[in-house]
Amino acid sequence: MINERNLPILATLLVFIMLYGFGMYEYKGFRDTLVFSNLLTDNAFLIITAIGMTFVILSGGIDLSVGSMIAFIGVLMAYLISNTGMHPLFAIGIALVVGVAFGAIMGVIIAFFEIQAFIVTLAGMFLFRGLAYLINLDAVPIDHPFITGLYDIYVPLPGRGGLTFIAMAMLVLLALGILIARRTRFGMSVYALGGDSHSAALLGVPVKKTIIKIYALSGFYSAMSGVIFAIYTGSAYPLAAVGVELDAIAAVVIGGTLLTGGVGYVFGTFLGGMIQGIIQTLITFDGSLNSWWTKLAVGGLLLFFILLQKGIVYWVKKRSAA
Amino acid sequence: MSDLVKDALEVKETSAVKETVEAAQSAVRPLLEIKHLSKSFTGVQALNDVSLQIQQGEIRALLGENGAGKSTLIKVLTGVYPRDSGEILLDGSLISASDSGHAQRLGISTVYQEVNLIPTMSVMENLTLQHQEKTFGLISWKKAEIRARELLAQVGLDIDPLRQLDTYSIAIQQLVAIARALSTQAKMLILDEPTASLDSDEIKQLFDLMARLKSEGLGIIFVTHFLDQVYSITDSITVLRNGECIGTFKTAELSRSDLVSHMVGKSLEDLAPTAHDHSIKRERTELLQLNNVGKQRYLQPLDLNIAAGEIVGVAGLLGSGRTELCELAYGSVKPDQGEVTLSNHSLTKSSLRRAIQVGMGYCPEDRKQDGIVAELSVRENMILALQASKGWWSPISIAEQQKLVEEMIQRLAIKTPDMDKPIGELSGGNQQKVILARWLITHPALLILDEPTRGIDIGAHHEIIQIIKELCEQGMGLLVASSELEELVMFAHRVVVMKDHHKVSELHGNEVSEQAILRTIAS
């Protein structure tokens, strides 16, 4: 059923199909499944980060720490594997626990001291970047056989494409995110909080508990993204993923989530991340444009979606007043 | 059980002696019993030794003017505020709710005037929030939809539960809120001014529902400002005044004039029917003219004229439409019908800036919220309206500002050490004077004052009334809304009496007296 709540995500889907259709029409190489599977792999870490960000933005908050978290987790993993000789599986486990813990700490500060998420996560952003440098100043390779083994897992698809481990992990995390958002009480509490936090409290939503869980979840997803990023690049670098938090926010908004919270879908975020990837791929296929055109296109799309949402909100208000 | 109650009541009633309902009801165990409840906030006694009982299947009106303690009582009942002393018994057992969710689990559900649901979620999601049924640990939306439809059917609503809540009218949202309130096995339902934004058909729908819930044995506390509604739906009335319980009465046995007397704390007999000299001495030059001005769900259309040198008072109980009238006249809320003119300038579609330019001034009711900018200085607060009407591109020099402000501080005897003190640090009376001054330096032809003396001490109270009289003598027209009949009678040439969001009467000259106003309100 088409209702006003689904309009933004439908617009996102339309933009996705149009861009992809344009690519298939214009370039022969675009029609191969390889392009699609590469999109999944190359944008996996961005989409995973953005899924966590979706919950934060749905609740009316923001998390600026995710980019630094990716770098920090990567460096931490590299340290644990190379310097202590730990098995990568344990290292990943520890990295995830650390990510969740740091997210939860930020959540506690936001919930109990009632400080804006913007400033708390900004502090987190500097802090994690600093911690990454504390461990390691330079880029280091992660060349454990287990990691390269993961990287090499590959399920071929018809055509030249195939699903990498990274792509599959992203899809699993996407499915998990969709389930959490729409099929758990926690998920509905997130929507309620973003819709109207005062009413949510009166309706019996455990506000503080939910806020802490939201940032812990975002911590989990960005730590996961850090792990994926480390496998993807096979290295760790304290300056990695600078500005990814902003790309993630852009993916969430282009995916149709209302920046003021309460309305949006995790699947939209997936499309939002993929759209950014398609734009990049199209520019690569073109060959005559430099990569900064990506930023231009993403900026334009972002503006379009924000205006679209404003328009819808205005329209709904006008209709319910009549 | 409810038959028992009735029998008990009838027996007592026939026994000629005039007993209160409470005494009669003590024969059976009440559904809700409040015993000697007290609550104070930093020295202000908001509730003082309030006791009341409500039976199963009883609709009780909770009435009182501003500051009577209605909302405090409700908030203590629902656990939003802790109580200082006293007991609350539900179904005979002592309860003490720690928050609104806990109160709901105990069986007390509340529906507020502002719909407290999530506007961006669907009706179904709102109805089942925190109570969703699960299969294999995940929410089952199939079950949720069935449950939502059941709940909607319970309140007689036939709407699509999958649509977003804010696509429905406020009335439907209110009913959804009630449906949700009932979903938690409520024994006691508190409706806090649910009808304020409903039209008559919607109110009827709500009343039908209330009657059905009553027959199912629910106890209902109904807070409203509309006396007609009190008499059409409630069984009994509890009146609060200044935090004290004035009494509980059977609705059928309490006349409107007695009810109004209880609420305002004055009886008709005590009031001398004398009137002050209310005639205007000068020739009439019309200033403000409202022609059939009204707005749906806000104020019934009405006519009103104010001439130069005339003070028109607006009287009525809390929520009767006093403030609404002021807002429409000033233009901060735009009417959807009728014509507003000020000194022959049509203002119906004009901006507020234009209204100020042609001589309109307005001091709103809620000083803290709408009037002052607490962090700005006395000078800055005073200069705001003048600057706004001039436009921000032609700044007023500091020297000129200081001259104007100094003059006003002298003229209105504002007590402030200097003009650069933040206004928030001044007393209420002096804040009110600064706001008056703000408008006086724009030399308005017409000044609208909503509750100009609310919350200020007696000395300042007197001074403000003097200022109002002086302004009038200088030829200004004034529209003054006030809940204090005494002061209206002192200065108003005419009094418009408001009730249930429409103008019921206009008292002229010698007709203006406290008694006449009260009679009109109660009629």
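Glycine residues also receive a Cβ, built from the backbone N, Cα and C atoms like all the rest.
Features reported for this protein in TrEMBL:
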- A:7-27: transmembrane segment (TRANSMEM)
- A:39-57: transmembrane segment (TRANSMEM)
- A:64-82: transmembrane segment (TRANSMEM)
- A:88-110: transmembrane segment (TRANSMEM)
- A:117-135: transmembrane segment (TRANSMEM)
- A:162-181: transmembrane segment (TRANSMEM)
- A:214-233: transmembrane segment (TRANSMEM)
- A:297-316: transmembrane segment (TRANSMEM)
Can you say which of A:7-27, A:64-82, A:117-135, A:214-233, A:297-316 has the most Cβ pairs under 8 Å with the transmembrane segment (A:39-57)?
A:214-233
Residues of the parent chain within Cβ reach of the transmembrane segment (A:7-27), under 8 Å, 6 or more residues beyond its termini:
35, 254-258, 263-265, 267-268, 271-272, 274-275, 278-279, 281-282, 285, 301, 305, 308-309, 312
Residues of the same chain, at least six outside the transmembrane segment (A:88-110), with any C-beta under 8 angstroms of its C-beta?
61, 63, 65, 69, 73, 76-77, 80-81, 116-117, 120-121, 124, 128, 142, 144, 146-147, 211-220, 222-224, 226-227
I need to check the long-range neighbours of the transmembrane segment (A:117-135): which residues 6 or more away from its ends have a CB within less than 8 Å of a CB in the stretch?
56, 61-65, 67-69, 71-72, 74-76, 79, 102, 106, 109-110, 215, 238, 245
Counting only residues 6 or more past its boundaries, what in the same chain has a CB within less than 8 Å of a CB in the transmembrane segment (A:297-316)?
4, 7-8, 11-12, 15, 247, 250, 253-254, 256, 258-259, 275-276, 279, 283
